[in-house]
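Enquirer: A single structure is presented below for examination.
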Amino acid sequence: MWFLILFLALSLGGIDAAPPVQSRVVGGFKCEKNSQPWHVAVFRYNKYICGGVLLNPNWVLTAAHCYGNATSQYNVWLGKNKLFQREPSAQHRWVSKSFPHPDYNMSLLNDDIPQPKDKSNDLMLLRLSEPADITDAVKPIDLPTEEPKLGSTCLASGWGSITPTKWQKPNDLQCVFIKLLPNENCTKPYLHKVTDVMLCAGEMGGGKDTCAGDSGGPLICDGILHGITSWGPVPCGKPNAPAIYTKLIKFASWIKDTMAKNP
């Protein structure tokens, strides 16, 4: 059985990807080859579920809402530009253990009731079973050391849906430029809480956004990793409804401590 699962994961042929719960590029463009070498494709068994970010050869950061359950077998692909094609640059690694943030409310994963919710602390660390090889196509990115600046131009990337109203996944990794906005711009359009551990980013005129399947992927502002995709509007890219990203400067200590305690 495990051989079959591995074969399916390695071949990437006919993967029936489905958007994860509340997963969140619309209006973007094909990323330049190997321009996002820290971008990771996260799978549960042979199903693509989320994006991720390589922090060092042993650790990947993604969103907590990408969590399945305690017995889920995660694996990742690094160094990929095309999700459904074999590439010489690609590396496959199994995940030995997952670490969702302890303060993320896991009951949200099974709660579809339309009422105000707090989706704070939406991040999860994945410990790789063996280190990634650092190459031109696979490189880690550092955590932020200072607050992001409002108005910054940010780059989000992912293999999420490229259409706002239906699940249409691309083969090529997509990039989109969006603006870092005051959190107040995200409080009005949403029922859910927007807290100080979140970032608000997008285009107030709409049309550019992360979307279903982009969750856990990086938000890089002024060349610095400042967030990972968390949640946003339905449909994606709505005017006056920017998306929400986990604010990583608020979690740098937890990330570093977790990695240090689990070498």
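Keep in mind that glycine also has a Cβ here, set from the backbone N, Cα and C atoms.
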Enquirer: Disulfide-wise, see what Swiss-Prot says C50 is paired with, picking from C31, C66.
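Expert: Recorded partner, per Swiss-Prot: C66.
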Enquirer: In Swiss-Prot, C31 sits in a disulfide bond; tell me which of C175, C186 is on the other end.
Expert: C175
Enquirer: Check for me: which candidate out of C200, C211 does Swiss-Prot give as the disulfide partner of C236?
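Expert: Swiss-Prot annotates a disulfide bond between C236 and C211.
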Enquirer: Using a 10 Å cut-off on Cβ-Cβ distances across all protein chains shown, tell me which of the disulfide-bonded residues (C66, C154, C186) has the largest neighbour count.
Expert: C66
Enquirer: Taking C31, C50, C211, C221, C236 as the disulfide-bonded residues to compare, which has the smallest set of other Cβ atoms within 10 Å?
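Expert: Least crowded of the disulfide-bonded residues C31, C50, C211, C221, C236, by Cβ count within 10 Å, is C31.
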Enquirer: Could you state the CA-to-CA distance between C50 (disulfide bond) and C236 (disulfide bond) to the nearest Å?
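Expert: Approximately 16 Å lies between the Cα of C50 (disulfide bond) and that of C236 (disulfide bond).
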Enquirer: Which of H65, N69, S215 (the recorded positions) has the most other Cβ atoms within 10 Å?
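Expert: The residue with the most neighbouring Cβ atoms within 10 Å is S215.
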Enquirer: I'd like to know which of these glycosylation sites, N105, N185, is least surrounded, judged by other CB atoms within 10 A.
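Expert: Comparing Cβ neighbour counts within 10 Å for the glycosylation sites N105, N185 gives N105.
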